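**Student:** Quick one: structure below, then a few questions.
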Amino acid sequence: MAIEFTKYHGLGNDFILIDNRSSSLPVLTPEQAIQLCDRHFGIGADGVIFALPGENGTDYTMRIFNSDGSEPEMCGNGIRCLAGFLADLEGQSRNKDSYRIHTLGGVMTPQLLSDGLVKVDMGLPRLLAGEIPTTLAPVEEKVISVPLEVAGKTWEVTCVNMGNPHCITFVEDVAAIELESIGPKFEHHPAFPQRINTEFIQVVRRDYLKMRVWERGAGITLACGTGACASLVAGVLTGKCDRTATVELPGGPLQIEWSEIDQRVYMTGPAERVFTGKL
């Protein structure tokens with residue numbers, strides 16, 4: 001049976017989207033996802049996203065297989081792409097501008113804006129060491145500006161869970177970071193039992209951050225939505241930035257807000273369809 005797909009990207013963080021609404025289980029295996037994500041012998045992508053039936057009163061369920069076959073809890077750029085994909089699937093029958101989507105990282109609510117961007121209520125950041133998880137602090141304590149030894153250097157790190165785990169460190173110049181060599185050392189550090197996404201952040205102004213990311217299970221990517229959210233939260237916690245800022249990634253900018261009113265994090269950015277096909 002042929003499986004139709006649509007390729008989307010959010011600031012260059014690219015995904016293969018599958019209409020999986022007829023089954024509560026993904027129609028592809030992690031091994032098949034690895035093959036499809038291969039940029040030389042497959043379609044090429046950072047991950048495969050499945051649109052499944054909703055759970056617990058939600059509209060849909062999102063599951064993701066990374067390019068290495070692992071399954072993350074959530075993906076910020078991915079959920080924006082999923083919102084655009086769902087709007088395409090529903091077509092003329094669509095009667096709403098937002099969706100409640102069940103993910104392994106909690107319920108997320110993307111909203112399709114009139115200018116073509118997608119705004120996502122990413123929920124409350126989780127800050128306790130046990131919620132990351134990490135052994136850098138007791139389970140009921142926050143991990144803010146804690147020293148971490150990686151590759152013979154001491155890095156000051158702050159940890160935030162935005163549906164998936166992030167370790168953020170602030171640097172003078174993100175362009176100078178040798179991401180390909182240092183990224184895996186953070187990801188597989190024993191302080192992070194479930195591995196970790198790592199963001200290197202340069203504060204240009206209090207409302208403008210530059211970011212590079214090493215994603216758990218995907219490596220270097222052009223953008224990471226949950227990482228941008230986690231980085232702004234880390235910047236606020238360490239007094240380095242405002243609660244609303246532009247986060248500039250290699251693939252382009254995201255607008256991030258950590259609301260003082262409801263303490264939830266909101267992300268706004270693009271989701272662009274690239275092409276469709278059949279497997």
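Glycine too: its Cβ is placed from the backbone N, Cα and C atoms.
Feature table excerpt (Swiss-Prot):
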- Cys75: active site, proton donor (ACT_SITE)
- Cys224: active site, proton acceptor (ACT_SITE)
- Asn13, Asn66, Gly76, Asn77, Asn164, Asn197, Glu215, Arg216, Gly225, Thr226: substrate binding site (BINDING)
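Provide an account of the burial state, proximal residues and distances for the features listed.
**Tutor:** Reduced to three states, the DSSP call for Cys75 (active site, proton donor) is coil.
Under DSSP, Cys224 (active site, proton acceptor) is assigned to coil, being neither helix nor strand in the three-state scheme.
There are 27 other Cβ atoms within 10 Å of the Cβ belonging to Asn164 (substrate binding site).
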**Student:** What same-chain residues, at least 6 away in sequence, bring their CB to under 8 Å of the CB of Gly225 (substrate binding site)?
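**Tutor:** Gly225 (substrate binding site) has long-range Cβ partners Gly10, Asn13, Cys75, Gly76, Asn77, Gly78, Ile79, Arg80, Val120, Met122, Leu254, Met267, Gly269.
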**Student:** Counting other Cβ atoms within 10 Å of each residue's Cβ, which of the active-site residues Cys75, Cys224 comes out lowest?
**Tutor:** Cys75
**Student:** Please give me the CB contact count at 10 A for Asn13 (substrate binding site), counting all chains in the structure.
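**Tutor:** 30, counting other Cβ atoms within 10 Å of Asn13 (substrate binding site).
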**Student:** If I take the alpha carbons of Asn164 (substrate binding site) and Cys224 (active site, proton acceptor), what is the distance between them in whole Å?
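**Tutor:** The separation of the Cα atoms works out to 11 Å.
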**Student:** Tally every other Cβ atom lying within 10 Å of the Cβ atom of Glu215 (substrate binding site).
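**Tutor:** The answer is 27.
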